[in-house]
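Working notes, beginning with the structure itself.
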Amino acid sequence: MSTPTGSRRIFSGVQPTSDSLHLGNALGAVAQWVGLQDDHDAFFCVVDLHAITIPQDPEALRRRTLITAAQYLALGIDPGRATIFVQSQVPAHTQLAWVLGCFTGFGQASRMTQFKDKSARQGSEATTVGLFTYPVLQAADVLAYDTELVPVGEDQRQHLELARDVAQRFNSRFPGTLVVPDVLIPKMTAKIYDLQDPTSKMSKSAGTDAGLINLLDDPALSAKKIRSAVTDSERDIRYDPDVKPGVSNLLNIQSAVTGTDIDVLVDGYAGHGYGDLKKDTAEAVVEFVNPIQARVDELTADPAELEAVLAAGAQRAHDVASKTVQRVYDRLGFLL
């Protein structure tokens with residue numbers, strides 16, 4: 001694998017909690033990764049350890065881990081330019097997480113918004129210690145690789161702040177041990193919203209699947225969802241996310257998958273109605289997902305190539321992260 005000279009290291013990952021990424025993942029996080037891999041030392045991970053904070057069927061988890069990695073490759077992540085691996089195959093993540101947990105205040109961990117929200121929904125009996133310590137494992141994910149930059153959305157910014165705090169706390173006792181990562185604000189990518197609730201981000205946590213465009217769904221189903229997308233009672237097609245969120249979301253989607261500027265799209269719809277917009281957007285999405293689905297099918301039908309990519313990625317990840325763990329263990333006084 002070639003790494004650009006003088007490039008800064010980045011780390012990011014996605015949980016394998018479903019059989020398909022959705023369009024928001026593809027045009028948001030993964031599109032950012034594709035753009036970053038050329039001029040960064042990039043580590044992209046399938047974070048399966050994080051997935052087990054809720055019960056998982058073992059066979060489903062194995063399948064979803066492989067299919068998530070396959071979608072990384074199909075969307076343009078290049079193992080010749082980035083390290084792609086599965087979290088559980090690199091022991092350094094859990095080794096470092098225990099140490100960092102011993103440098104994380106209970107009060108700070110208790111204030112993590114995602115934990116408070118999820119534990120409130122699940123109730124105390126159903127809430128696991130794993131969910132509570134989830135941000136500490138995230139910190140280990142990042143700090144194990146001497147990561148300099150982390151591309152994060154607003155929902156993960158608090159967790160990155162915890163990682164920074166823990167690294168600084170460790171360094172205050174053992175100077176120069178851990179690299180303190182910075183937030184990376186990538187170039188603007190498309191923000192894709194739920195088709196049925198276009199004021200909310202497209203997300204697997206939505207109450208219904210009707211607003212999601214899953215990359216690996218039957219294209220006919222995706223087209224049907226787009227034709228049923230919420231719009232408004234007006235007739236004119238213009239880009240105005242505040243007043244016309246549904247129409248603006250469809251324009252965003254079509255623009256993102258075709259590379260056509262939104263203003264050009266709007267001009268082309270002069271005198272046309274929402275039916276035309278939905279039809280064209282559906283056709284554009286189907287054209288976008290078809291080659292992705294074909295590549296995923298190819299990789300999963302004969303997984304030798306995919307498994308080789310993940311094995312090579314895990315080895316490189318281990319080579320890097322184990323040095324961090326060894327450095328941390330040495331500073332703490334552990335026998336090596």
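The first residue you see is number 1, and the count goes up from there.
Cβ atoms are placed via backbone N, Cα and C, with glycine included.
Within 10 Å of the C-beta of Met202 (ATP binding site) we count 24 further C-beta atoms, all protein chains included. What Swiss-Prot lists as ATP binding site is Gln15, Pro16, Thr17, Gly24, Asn25, Gly153, Glu154, Asp155, Ile192, Lys201, Met202, Ser203, Lys204, Ser205.
What Swiss-Prot records for Asp141 is L-tryptophan binding site, and it gives sequence analysis as the kind of evidence. Residues within less than 8 Å, Cβ to Cβ, of Asp141 (L-tryptophan binding site) and separated from it by at least 6 positions along the same chain comprise Phe11, Gly13, Cys45, Val47, Gln87, His93.
Residues 46-48, 51, 56, 61, 63-65, 67-68, 71, 75, 191-193, 201-204, 212-217, 253, 285 of the same chain lie 6+ residues outside the motif ''HIGH' region' (16-25) yet bring a C-beta within less than 8 angstroms of a C-beta in it. What Swiss-Prot records for 16-25 is motif ''HIGH' region', and it gives sequence analysis as the kind of evidence.
With a threshold of 8 Å between CB atoms, the same-chain residues lying at least 6 positions outside the motif ''KMSKS' region' (201-205) that come near it are 17-18, 22-24, 191-195, 211-213. Residues or ranges marked as motif ''KMSKS' region' by Swiss-Prot: 201-205.
With the fewest other Cβ atoms inside 10 Å of its Cβ, the least crowded of the binding-site residues Gln15, Thr17, Asn25, Ile192, Lys204 in this structure is Lys204. Look at Asp141 (L-tryptophan binding site): DSSP puts it in a helix.
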